[in-house]
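Straight from TrEMBL, the features:
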type: SITE; residues: 22; note: site 'Transition state stabilizer'
type: SITE; residues: 29; note: site 'Transition state stabilizer'
type: SITE; residues: 162; note: site 'Positions MEP for the nucleophilic attack'
type: SITE; residues: 218; note: site 'Positions MEP for the nucleophilic attack'
Ligand SMILES: Nc1ccn([C@@H]2O[C@H](COP(=O)(O)OP(=O)(O)OP(=O)(O)O)[C@@H](O)[C@H]2O)c(=O)n1
Ligand SMILES: C[C@](O)(CO)[C@H](O)COP(=O)(O)O
């Protein structure tokens with residue numbers, strides 16, 4: 001498998017077609033206003049501000065009425081497509097919606113719309129790792145807590161070893177053609193992959209883990225919102241770089 005060259009343009013895919021069922025509420029969480037802007041705007045803008053990034057495709061729900069019709073940000077194209085019933089379907093649809101001139105060897109960064117607190121330093125290190133590692137790379141955070149397995153009653157059944165365990169974050173960086181093929185293969189096998197790396201691992205590849213910021217959190221429940229609001233406020237003041 002070929003590796004990307006350091007000057008090649010990188011494209012961004014943002015899965016943003018989720019319903020936010022765990023979050024609840026009437027507004028899909030990706031459109032909740034946080035630190036003065038919709039959640040989806042924060043990560044999209046920091047990704048598009050990176051000099052290697054050429055543009056983005058955002059996967060939206062077919063009945064999405066809240067997309068602000070951005071067609072470009074930072075002078076770069078922001079395209080959109082309809083997502084699917086699973087996150088992986090939305091990612092695959094966005095890969096297929098990339099402009100025709102984007103090569104199969106082009107590096108694509110897949111990033112959750114629900115992760116607004118992304119920093120340029122993490123993007124830099126992820127792209128550098130993916131440029132150099134043919135199997136791709138993902139941002140991740142080492143598990144620092146003791147892990148317990150629950151029984152049916154919600155009591156502790158076991159303590160699981162945490163050595164070598166990491167929490168997968170996003171962006172996850174892979175080459176367009178290889179990622180699309182891996183996602184199509186998982187779909188054909190009837191396997192729902194929960195991240196892009198899982199699809200690539202299924203084909204025998206071993207993507208590189210790149211330690212990312214612990215505060216690159218995914219807004220999943222209302223409890224996450226206050227923390228993200230605080231973190232984005234600090235980021236806007238130039239802190240926590
Ligand atoms: N069919 C789907 C499901 C999820 N996503 C996106 O994938 C990201 C991470 O998913 P998650 O946090 O689970 O979002 P939701 O699926 O909306 O949340 P829930 O599982 O609570 O419904 C989100 O940006 C979400 O919009 C997507 O594009 N298409
Ligand atoms: C892709 C991801 O954010 C990596 O941790 C995670 O798998 C998304 O899970 P979700 O249940 O779709 O939010």
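Positions of Cβ are set from backbone N, Cα and C atoms, glycine also.
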Tell me, if you would, which residue among 29, 162, 218 (recorded sites) has the fewest other CB atoms within 10 Å in the structure shown?
162
Neighbouring C-beta atoms (10 Å sphere around the C-beta of residue 22 (site 'Transition state stabilizer'))
12
Based on DSSP, name the secondary structure state of residue 29 (site 'Transition state stabilizer'): helix, strand or coil.
helix
Alpha-carbon distance [residue 29 (site 'Transition state stabilizer'); residue 218 (site 'Positions MEP for the nucleophilic attack')] in Å:
11
Filtering 22, 162, 218 (recorded sites) by proximity to ligand 2: which pass a Cβ cutoff of under 6 Å to any of its atoms?
218
